[in-house]
């Protein structure tokens, strides 16, 4: 029989099933009690993502004399697991068993304290580390900086850092990240400058990625550009992780031009690159470009992950592209993507916003787990389509499911009541927000109540509500009341409200046009003309109306007054024919052109 090597055992342990085979082989060949062989089983089971800590612990219990490597490997596995407190229990078991912790043990238990936010316990381990002479060990020092950073004790992290003369790039990165974690961005950039002045240590990909993420959080494009230049200086301009971080920064900071240049010049791209670009386009309103890029992803046979699919479903929802949304739903099934609560919620939101409310409800009902965002998406969908009573019923189910509503839930509910004319229900919900759920109403909630009252033509009640609300009413709320006064014929009140609107938003063309139309509706042409002249003197111009339509897979855009469309003559001919037919059918003159962006 060919001799068994430790390397062969290590390579064989690639799954639990194969590890069991190796375990059986070691027992059969009497090599199980040789720690060099057994440690390979423990290493896979304790550290690998596809391992099993319970199985590792079972094997550990059968070892007569485990060495420090085996003890520390189990400790490491627990420290990284979902139950890091087990690392602390195992540490005390180690001490009770008479085994002495070493410089590899302490980083794992200190790391567990950091994950558990156990500051005092970590400090006790720090004292123990100093007593046992491990205070200058770089592996231990780095773990202490990370621990204090995770616990938010930035001063202690600084003391450890400053007291360590022999630092490596990991030490610098951990201190930079500790500052970023506490939003001390200036200190993180100052430390980076100190780091660059060193001859023996150079920034690596972790350094650049951490600082780029800080620029993303700050919206600091200038520093982000500088870091992009540094990535070239330090030879990291081909590093995919660095490029993805910079691309994400450009997208989230709204610099789409730089994002496109970066994306197109990348030597290679992965699913993260495409996800950042898709998200950036969609967040800036370029929904069709985002969907076109997703089609390119499919052509290049890149398998989308759930994060990409959530972003592209959001683009479908905003663009109202139901067909593309349905295709993505099919892709989720075909690629067997884990349809978790986030992706399921994105599907509900897409179907609801694209008008397929029945499909949204089907997806919603099939979801095993729902969070507040899922319920909000479904309640919002019902509200959007005028199903106010159903939205309230779903809210009752939400309360029964023990999911706590948030402020967005109440915006959707109040909107549902407004569109369905459920005045009493809406006012009761608004009252319950604060009294039953301790949610302080925002300006959006007050706006929903104003809209609720205005749609019911209760303009006097709306005025009283506006004048007595604790927050200062903005121009949008007053303009809502103005619109209700205009349609309800409350001209005198409308004039009073109009003055408030102009005071709050003196440079808004939309507000001037709205008030001008109010005067025109009462044939007060001098006042209407006066407002138009006032607009002209202030240099305020009316933004041309714009609309889009999808036909044969192509988006056509129409802007008021624009005659550049290739089918302009045919469009106007058809409009003339429609106008004549409406006039004949309705018996009155119809101003079609006023409603069309042509």
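Using the three backbone atoms N, Cα and C, a Cβ is placed for every residue, glycine included.
Owing to the predicted nature of the structure, the values given are computational and were not obtained by experimental measurement.
TrEMBL annotations:
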REPEAT    67-101  repeat 'PPR'
REPEAT    168-203  repeat 'PPR'
REPEAT    239-269  repeat 'PPR'
REPEAT    270-304  repeat 'PPR'
REPEAT    371-405  repeat 'PPR'
REPEAT    406-436  repeat 'PPR'
Checklist entry - Is the repeat 'PPR' (168-203) packed against any residues at least 6 beyond its ends, judged by a Cβ distance under 8 Å, and which are they? => result 138, 141-142, 145-146, 148-150, 152, 154, 157-158, 161, 210-211, 213-214, 217-218, 223, 230, 234
Checklist outcome for this item: Taking DSSP helix as H, G and I and strand as E and B, the repeat 'PPR' (239-269) has 23 helix, 0 strand, 8 coil
Next on the checklist: Counting by DSSP secondary structure, give me helix, strand and coil numbers for the repeat 'PPR' (371-405).
Outcome noted: 26 helix, 0 strand, 9 coil
Checklist outcome for this item: Across the repeat 'PPR' (406-436), DSSP yields 28 helix, 0 strand, 3 coil
